[in-house]
């Protein structure tokens, strides 16, 4: 039989592309992934897409129920709050605060955690044992409690919340990177490149990282769903985003006083948080599922 | 077992050192004067201030200061609350039992609901009921707890009127403070309305405990499902099946015991998560616990209360963590030989 591709190298998909191939075939994971992309786009383009500004109120349209309600007005699709601010616009702008910031927080702590974690994986003995115990201590303090303490030091506000949550998530990433890198370093392919004379840094960068990147991504989605919940919780407690900012948790806390007469100001932001967290978790679940299948093959 | 105990003990001491060091350094990080942050005496006169400076050894090196702070903590002196000017240790003794009670009941509910569901999902692996349980677990894991609490109040307290929405017990009942754990206090008291009080306290407990339990329960579902699937794939299960044991005998005599051991190991880790959720829930349900007190003290900028609250709560979490480690080691001989830093 004639081999037409004789001069072309046979393409063998990289671990990452194999993962994507399996991931793509899971419908639930793809739905989650689409929702995730949708939220990212919304977070970036909210100012263009939103029909109104999130802070300007229309005092003639106070506490309007959503449009499907008999008293609703279709130009305010999801109703208005007690100052006549459009709920839809506020929720859209809130995407960039709650969801967008959680994304940035996770990337920030991922980078720092991976650097510290992979460096610490190369240490041994007393230093390593000390770090391990120290991480155990930090991880045993609940993340929200630690974030609250950091906010108490820095003072309330959205930027301080972001710092607090980023700091809180770093130990998790250190822990998982360290564990993963140590596990990879025991394998034979690392020994092979070490025999070739590769330095530790080179092994880390070219051999180990491509093999642990999916595990880090799976941890990152877990961290992001926790980050969304933490940002919203701090906003709800009044320690995060301050009054005019349309952060989902803060909107919810704001609607609390009129919970009984205007329930949509409470359940809509809650649904938005739920949607974002479910989308993130579906993506994470899809990655873990694909990882498991790839390992089995 | 002895080396295991010693190892845990050393970990415990190390942890306590780090935690006290953390709360000690908070006094420097918080705004205001360090010695006032330590002691909480905001209205101290010049002579009192001089005395405090001497007691906390503020003129000596930082190590002496830490030593002085540690001595105070070990003597049970956390300083005064900046907001109420009463000793913090008294407030903590009053508030901590309520939190312990709530979180332990929630943990119990989470385990009693989550573990059997996880086992069912594992036994029906890859069937419809497995998928339904898993999707419910994911939904439960994703719900923000404050929202869930509000919805629960809206439905069960306001809408249906079945359960009270706030507090630990109705104010009509006068229960003497003995242990602080409401249920014990009621049983110890000699009030003629003991059983009514008991029922009232249980009714107050149901909503917050269930709200707290939801997220940990979903994690228990996943954990028990994973460990059950692993156990069911083991060779000794196949051997038991080959011996001709019935399906129920295999599950109840062999599989569940081995699967449970793996879950107990994770209870301690999940407890930290549960306490965080409990803090937020306490705020929503006005539960007189340490979580609500801690969040209130942030609003009031009560720095002494914040640092002592952090110390006490994380101590409590860590003690539970170590206890579950011990239970795990007692049940599973394989875990005792596990060495440090692995």
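Any Cβ shown, glycine's included, is placed from N, Cα and C.
Predicted automatically and left uncurated, TrEMBL annotations should be read as such.
The shown structure was predicted, so the numbers you read here are calculated from the model rather than taken from an experiment.
Of all ranges given (A:161-181, A:182-202), TrEMBL attaches the label transmembrane segment to A:161-181. Residues 86, 88-89, 92-93, 95-96, 99-100, 103, 275-276, 278-283, 285-287, 289-290 of the same chain sit 6 or more residues outside the transmembrane segment (A:28-50) yet have a Cβ under 8 Å from a Cβ within it. Here the transmembrane segment (A:134-155) has long-range neighbours at 161, 163-165, 167-169, 171-172, 174-175, 226, 230, 233-234, 237, 239-240, meaning same-chain residues at least 6 beyond its ends whose C-beta is under 8 angstroms from one of its own.
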